[in-house]
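Going by TrEMBL, these are the annotated features:
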type	residues	note
TRANSMEM	15-32	transmembrane segment
TRANSMEM	48-68	transmembrane segment
TRANSMEM	88-106	transmembrane segment
TRANSMEM	187-205	transmembrane segment
TRANSMEM	211-231	transmembrane segment
TRANSMEM	260-281	transmembrane segment
């Protein structure tokens, strides 16, 4: 179960709920910031983020029920609505958010790949923050490692923080890459294969149901990677029109270097705060 931060009467405020909310808020802020830079309608982007977040939550719940515990929910149908008890799949969340987001983009006439690239850094930043409060721990550690989390007499891998830190790293890479795009869609397709790789690595330290010797998450990860690579090949063939609001590539070395260290420092600070919050809670 997720850590309870505090309780008011019968209402409990869970760490996971708080970190998810913070992830959405920071993601929304960053998405609007990027939308302004790329000349997109910020009000539409705000709507898109909120609708996609709801679609992601629904997709995460449905995927968890279908792939991880179908028998339990068939026997206990009312438990489907008890999201506060846990049971969300990140792969389902990505698919749910993508489906709702694609529908919204089509309805509003937004450029799909440009919009996807605009939102991608915000998405992975939100995931990095949200993952900190996750209530699923890893396997017991083989040794008495100092970063392990003690739970029920066992020292467990803190897989939540593993994934969060790797997500912060991916965010930094995508954030730096966003100013030198050669075609529409590279940030999104990079995310589409890089995050599943991160998740695949983290899965090595978790205990999950297996099919033919592979975890469900690993099988879903393989599907995401194949789809991302096929999309990447296809998108390189489409002519790219540079944004009018994008800055010129001619930069003063000192300013570029200052920006690098400022951005790196901000990401490291976010990662450090996440570690403090995580170990402070557990």
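In case you wondered, yes, glycine gets a Cβ from its N, Cα and C as well.
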Sequence-distant residues near the transmembrane segment (15-32) by C-beta distance (under 8 Å, 6 or more away from its ends) are 2-5, 42, 45-46, 48-50, 53, 84, 86, 118-119, 121-123, 125-135, 277, 281
Examine the transmembrane segment (88-106) against the transmembrane segment (260-281) and state whether at least 3 Cβ pairs sit under 8 A, considering only residue pairs 6 or more apart. no
Within the same chain, the residues 6 or more beyond the ends of the transmembrane segment (260-281) and with Cβ under 8 Å of it are 3, 5, 15, 19, 125, 128-129, 132-133, 158, 160-161, 164-165, 168-169, 171-172, 175-176
Beyond the flanks of the transmembrane segment (187-205) by 6 or more, those residues with Cβ under 8 Å of it: 90-91, 94, 113, 116-117, 119-121, 123-124, 127, 138-139, 157, 159, 162-163, 166-167, 170, 173-174, 177-178, 181, 215, 217-218, 220-222, 224-225, 227-229, 231-232, 235
